[in-house]
Amino acid sequence: MKIISEGETKLMVPEESTLSKKDTVFYNPMMETNRDISVSVVQSFLDNFNRDEFLMCDPLGGSGARGIRYANELKFNGDLKVSIGDINPSAVKMIKENLKLNELENVEVFHEDANVLLSKNFKIFNVVDLDPFGSPVPYLDSGIRASLTKGGLLCMTATDTAVLCGAYRKTCIRKYNAIPLKGDKELAVRLMIGYAVKMASKYDIGLKPIFSHVTDHYARTFMVTERGAGKADSAIENLGYIRQDSEQKSFKSFEEGYEKGYTGPFYLGEISDNDIVQNSLETAKNRNYSKRAVDILELISKESKIEQVGCFDIHELCSFIKKLVPPVNDIMKNLKENGFKVSRVHYNPYGLKTDAELSDLVVLISEYHSKKY
């Protein structure tokens, strides 16, 4: 074992980790950025929380890194309590050691299956964070029911992004009841949110995303729970299907029904709230969290202001129109000079969000080449 630091927290973790289910206790150092962002986003949610008690649950605790960082780093004037669970007795032992290391008394540890822990606490938690190895689907129903408190927050991660991005079409249909679209990584998180919205609606619960990102091998989202059939109906209205023709997307509402050639359903509404993003960015900066977490939050703070589902991949677009790829910064400059909004995206170095149409981009790239060459 070794002791490391993440954020403002000390953690005892395995000396070596294979990052697989074979590990005695699971700890992924590559997810420090994920945890930095998670603490920042939940802090932004907590800043607007107006009750005296704040109850959180991390039912898939592993080494306890996520839940312990919540317990140690979240600032709240009331009573903040965190429940951490894991089915693995070795993990439970390590979680307890990490609690002692940080001298925390606001955490309760459970040696229990995640679904059992969540099902025992129906309508109890203000925040449930599902961070599994693989897909969150096996835990989603229990997570929704456990976070049914008015204005609760459901956080979830999917590390099966190859499935969500279309590499395993049949698996996606089977697990998420949706047809994936290859290419744009943002659609992975939109597909995951769409599935969660459908699952929650059967309990007359609407889910409203307040922050989402796709980083490395995972998709991550934070969704506020809104009670009532009307809220569920409103959430469903944000679902729809996408058809990709060359570089152009066509859309159909969920209510219109599936049509051959389309993919989805995806969540087509806003997936990150500008105020939450900005507050999360300030939190990450003020606490000296990892530079990478700050960089991701800064990009999302810009891209979330542009209403576009997915992005334009300049590399793919130039390949399609048989042009050399200009510097992305030059394209951005030309778009701005022509009155368009534009931003890089956090998940693709060649990706741009813009209110320009595909035809506008083609013209600007062609004009760039005619002037340059």
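Each residue, glycine too, has its Cβ placed from N, Cα and C.
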If I go by Swiss-Prot, which of Arg35, Arg51 binds S-adenosyl-L-methionine at the same site as Arg66, Asp86, Asp113, Ala114? Arg35
Neighbourhood of Arg66 (S-adenosyl-L-methionine binding site), C-beta criterion under 8 angstroms, separation at least six: Arg35, Ser38, Asp58, Asp129, Asp131
So, in DSSP terms, is Asp113 (S-adenosyl-L-methionine binding site) helix, strand, or coil? coil
Reading the DSSP string in three states, the entry for Arg66 (S-adenosyl-L-methionine binding site) is helix
Number of Cβ atoms other than its own within 10 Å, given for Arg35 (S-adenosyl-L-methionine binding site): 23
Mean pLDDT across the domain 'Trm1 methyltransferase' (2-365), rounded to an integer, is what? 93
Counting across all protein chains, other CB atoms within 10 angstroms of the CB of Asp86 (S-adenosyl-L-methionine binding site) number 28
Could you measure the widest C-alpha to C-alpha distance across Arg35, Arg66, Asp86, Asp113, Ala114, the residues recorded as binding S-adenosyl-L-methionine, and give it to a whole number of angstrom? 22
